[in-house]
Amino acid sequence: MAKYEPVIPELEVNPEGEVSKIAEFLRGKFEEAGREIAVVGLSGGVDSSTTLGLAVEALGRENVVALILPERDTPEEDVEDAVEAAERFGVEYHVHDITEVLRAFGTGSYVPCHPFSRKSDANLKPRVRMCVLYYFANELDGLVLGTGNRTEWLTGYFTLHGDGACDVAPIRHLYKTQVYVIAEHLGVPERIVEEKEPSARLWPGQTDEGELGIDYPTLDALLYALVDEGLGPRKAVDWLGERGVEATEEDAEKVLDLVRSSSFKRRPAPGLDLPEPEDPAMSG
């Protein structure tokens with residue numbers, strides 16, 4: 001059984017139909033771009049493993065390359081899980097340690113004389129990884145697949161020009177709990193789907209839910225009520241209560257603040273004398 005599942009009927013998903021739809025979408029985008037090879041950064045987590053499985057479903061395992069990019073503080077189990085996922089789906093994969101690249105930047109977690117900064121040091125890791133992914137994509141004349149989900153997209157829980165950078169985003173429309181349903185259907189390794197605590201591994205001991213301050217099932221339900229249904233915090237809480245989901249108005253306010261405060265991350269960079277682009281999450 002998956003670690004998380006949607007808790008409101010509006011978020012229930014037909015995995016077989018969804019996989020077919022995403023695979024068709026991916027094939028279309030690669031055909032438009034005139035490319036054949038997909039490059040996927042594989043962390044050992046559910047999002048990247050699911051993205052890998054979808055790429056194989058769409059393009060065939062011979063056209064998918066996985067890159068596993070640990071650094072000094074990456075738990076060994078993450079590398080093992082990533083390798084297991086790559087082997088489960090039968091794709092070519094490479095493991096490259098990025099520790100020395102991070103050290104060359106003089107980040108605080110690697111250079112004792114520099115204080116560690118959660119914002120700059122932690123965000124450097126996904127940005128370095130994205131550089132490596134695009135290097136390989138250029139070498140292979142391929143496209144980089146993003147591994148971010150809708151929950152991360154709406155809350156801004158991603159690094160600009162890091163894990164937020166990609167050529168195609170096949171699971172950006174799926175909430176985190178929906179990703180687990182798809183992962184289970186695709187055959188992502190059981191430990192990743194059933195047991196593993198979601199974490200961006202930005203620093204030792206970091207977890208997604210600890211940083212966000214709310215569990216994923218409740219967060220997804222609140223996001224759906226606030227964004228997709230367009231309800232205010234009080235009405236969102238009442239609406240969820242009718243569906244058996246307990247949440248507080250304080251929770252709803254906090255989630256809405258995450259959406260609003262991260263809107264700049266979802267818009268293209270503004271330019272002088274250009275219309276201010278709308279936040280895709282808050283329009284329509």
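For all residues, glycine too, the Cβ spot is worked out from N, Cα and C.
With Gly41, Leu42, Ser43, Gly44, Gly45, Val46, Asp47, Ser48, Thr147, Lys176 listed by Swiss-Prot as binding ATP, the candidate from Ser120, Ser199 annotated for that site turns out to be Ser199. A C-beta separation below 8 Å, combined with a sequence spacing of at least six in one chain, links Gly41 (ATP binding site) to Ser48, Ala66, Leu67, Leu69, Arg129, Met130, Leu133, Val144, Thr147, Asp163.
Sequence-distant neighbours of Ser199 (ATP binding site) (same chain, 6+ apart, CB under 8 A from its CB) are Gly45, Gln206, Thr207, Asp208. Nearest by CA distance to Asp47 (ATP binding site), out of the binding-site residues Arg127, Glu152, Asp167, is Glu152. Of all the binding-site residues listed here (Asp47, Glu152, Asp167), the one with the fewest other CB atoms within 10 A of its own CB is Asp167.
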